[in-house]
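**Q** My questions all concern the structure below.
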Amino acid sequence: MKRVFLIVLDSFGIGSSPDADKFNDVGSNTFGHIVEKCFLGEANVGRKGVLCIPNLVKLGIINAAKESTGQYPLGFNYSSNVIASYGFASEISSGKDTTSGHWEIAGVPVLDDWCYFKEKQNSFPESLLEKIIRRSELTGFIGNCHASGTDIISRLGEEHIQTKKPIVYTSSDSVFQIACHEEFFGLSNLYKLCKTVRFILDRYNYKVARVIARPFIGNDKLQFQRTGNRRDFSIKPFATTVIKKLIDEKQGQVIAIGKVSDIYGGIGISKNIKSTGLYELCSTTIHEMKKALNNTIVFTNLVDFDSNWGHRRDVSGYAKGLELFDSRLSEIISLVQKNDLLILTADHGCDPTWIGTDHTRENVPVLIYSPGIKKNFLGHRKTFADIGQTIAKYFLLTDMSYGQNML
């Protein structure tokens, strides 16, 4: 029986990538800086002390981080009791966004530029907004700028409730984000609007990676908070991903947990399981691992690391999340059988100590555990697509166009 359990720790970078200078991210190090702050006692909100992640250490995260940066994370040394193969990978896609990272992991790097809305104010063209307004029968939009999602609902949420005008905003990523109140605007209305925006962007050749529904609740700016009902309406993959190949060539199953299905536009997904919150995502993953059949990929994205702690520059929260995940990792490891593969990786960085609120261009860990495979140093992988190619070889699928088998 062959099964792959692929877990993406969203934004868990382990040191700036070789091309980080193109993104002004030289020196960024999501994992290393979290470890440093914990060691120095500067990440003690809701937790305390040095970062405690024994299971990640056992899978090789410390050694992988050292190979990526040339030095061990502060307070750690070489770990000799590693049970997994470990290495690190750099991205060849043009962007440092979720879609690019995940597609490249699945064997389809995004080599051309996305459409970005670069103006800090009046970010979306009026001609585009007018098309959306006409088709959606809205009275207008508010926002239309670069913004942090939590900041903009605090600033414009009350006006949105009064006017019923959706809040639209973007970032340095290729995204069109729409924030609306779940009760006063309606969750179904928000999803419908996002589908309309996705249709118009595609029709008029705006190569925007994601339209993101950002629902929130609360009665005033002191109470507004985003809910777990976020949805991503992604552009469809340009080529066949390894998850689609598994379904097409082996009639296999791909179980998508969290926002994975949205990232691939539902393409190459057999079953989509909605799950929110780090603990619940881990529980759902464990549940699906226990019942996974032959030729199955259980594919989980742990979004909280990125959305709750990375973008919000919350070092303590990120550290606490890593410790929570590590506490669930022992059970995950115990469920991996002789012919299974457990793969832990990330899609980009989001250093909570870095300037601004955006992603960081970083190398990502590649940790592969299987009781039936001899542990090995995987080296510096020149593309995330090596993961997709490895999965393709493992399931005896036709070759992917990018990447090399690591095993």
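We count from 1, first residue shown onward.
Quick reminder: no glycine exception, Cβ is built from N, Cα and C everywhere.
Source: prediction; values computed, not measured.
Residues annotated as Mn(2+) 1 binding site in Swiss-Prot: D10, D347, H348. As annotated by Swiss-Prot, Mn(2+) 2 binding site applies to D306, H311, H359.
Show me how these features fit into the shown structure, please.
**A** DSSP classifies D10 (Mn(2+) 1 binding site) as coil under the three-state reduction.
A simple way to gauge crowding: the CB of D306 (Mn(2+) 2 binding site) has 25 other CB atoms within 10 angstroms, across all the protein chains here.
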**Q** Output the one of D10, D347 that, of all these binding-site residues, has the highest number of other Cβ atoms within 10 Å of its Cβ.
**A** D347
**Q** Can you list the residues of the same chain, besides D306, H311, H359, whose Cβ falls within 8 Å of the Mn(2+) 2 site's Cβ centroid?
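**A** Near the Mn(2+) 2 site, beyond D306, H311, H359, sit D10, S11, S307, G310, H348, C350, T357, D358.
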**Q** Using C-alpha atoms, which one of the binding-site residues D10, D347, H348 comes nearest to H359 (Mn(2+) 2 binding site)?
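**A** Given the candidates D10, D347, H348, the nearest one is H348.
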**Q** Could you round the CA separation between D347 (Mn(2+) 1 binding site) and D306 (Mn(2+) 2 binding site) to a whole angstrom and send it over?
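**A** Each residue's Cα considered, D347 (Mn(2+) 1 binding site) and D306 (Mn(2+) 2 binding site) end up 10 Å apart.
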**Q** Using CB atoms and a 10 A radius, I'd like the single residue among the binding-site residues H311, H359 with the highest neighbour count.
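**A** When each Cβ's neighbours within 10 Å are tallied, H359 leads.
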**Q** Could you state the CA-to-CA distance between D306 (Mn(2+) 2 binding site) and D10 (Mn(2+) 1 binding site) to the nearest Å?
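**A** Answer for this pair: 5 Å between alpha carbons.
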